[in-house]
Ligand SMILES: O=C([O-])CC(=O)C(=O)O
Ligand SMILES: [Mg+2]
């Protein structure tokens, strides 16, 4: 405590007191009434937080009308607030009411962003308590539209921008960020934002949104989260011509120039935050996504959400679905439309699971899985050279030119869309699939809703209600023939918050594929009989904090088992430990 006290006197935020603190609770209790230890009584902590007008303008500490009379006196707030005081519950009620008044989702997004910038705890309280209602706003599909219009709706910057202009000075830029103890970074270069393509610097909405979920769904405290956008230009002509575009007005840097900037970035991150900071790659284009993961997975704690997170969530859904469609994983035949990050990532994890469960080599397990890309079924006789990440899927088969012919030729039991292109599961495709499957499993994973391979309504109608269906972006329940069908949401949001929490609480320094399987298994284990009875293959998002704790515990357990965990001793009950580390959005009392 000696040195900590000194730091406080020097004006460093108390949140920095214990850089080894896991996630939230513990450290922040310094503020709480519930942590009235001797240390706290002598800690002159008020030196470190703003007071008066600046306190009201500091989203991390502002409570608005919820400041008590005593706090108003102690922190020079008299007169700066109207006389009424409010509870956090009442503030939440008012804000939810206000948000529900907006008809346009983008307006709700902007209102929530403003709240996040004004009163962070209240923002997270809303998000946690109303997760199913607000997820489609802060996340897919609305976040996609927000990125497309980011320049026009831009007010205050969120996150850290690193562009080619900062080459050679990235460490310096990281040091400009106000927080020193960072546990999770989500970084994009904006080249493939959801299924919307290259949105350049405006992709920032994605790391910001993903990290809001890290806190709300996974309990990593907001100050430990850092959204980053790397701007190497954009090839989006419309944005380059847009007078409100916020990024570099140039074509994308590629090759050596790109690799050097990314390498400097990865080095600076490790130098500044150590080797236990999670770096989540998000929405990079295929070629860079695979290369970056391969290049840094043995030296950094990196995780590609689109390859690995999506893989774990889909494997969990497929394994859970076996209860509804029957058979074992290895008895099914999988056909993918789309052979990019998500498609090949999912395919590889399914093959790995089959291989482990049935004791066959992974090469053998892969033969159950077929992928179609823009040129047709991926087969070994393809004339054009295949990109490396597609090569494991080039099985022996005569050429097949498109999806419908591939469905007829392969006769899959599971159809998975990862193409980024909407409306590609046509009536003909789905009817063909339904013609030889009693209960076809259809996963239309592309985001946002506009890019979904089919809608819930189409999947249920064209299979006459027999499909088990889930999609990347949410769809409303649909009534068909007098019965209500509830589509599931197969989105990596189920996985990455808990996965990242598991890495953080174990102090993991590397991600191993077995940790993905552990996360997937934990998620599948959370689907209840009640969910299955409704035809669901995922648990509801309303239970996500519990789910995240289970995932985190399983991932952490695997990290210890594999010897990549550095937080010792290993907590005995990892689920309880994960839960105890989670950030609470309840207001703290200020003395
Ligand atoms: O953001 C989402 O909803 C899922 C995802 O990673 C993507 O589509 O790229
Ligand atoms: Mg993504």
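For all residues, glycine too, the Cβ spot is worked out from N, Cα and C.
(S)-malate is bound by 192, 447 in TrEMBL, and the record lists one more residue there from 176, 235, 437, 491, which is 491. Matching 242, 306 to the divalent metal cation binding residues that TrEMBL gives (282, 283) identifies 306. Every protein chain considered, the tally of other Cβ atoms within 10 Å of the Cβ of residue 210 (active site, proton acceptor) stands at 28.
Among the binding-site residues 282, 283, 306, the residue whose Cβ has the fewest other Cβ atoms within 10 Å is 306. With respect to their backbone Cα atoms, residue 139 (active site, proton donor) and residue 447 ((S)-malate binding site) stand 10 Å from each other. Neighbours of residue 283 (divalent metal cation binding site) among the recorded positions 192, 210, 447, 491, defined as a Cα within 10 Å of its Cα, are 192. Each residue contributes its Cα atom, and for residue 491 ((S)-malate binding site) and residue 306 (divalent metal cation binding site) those atoms are 10 Å apart.
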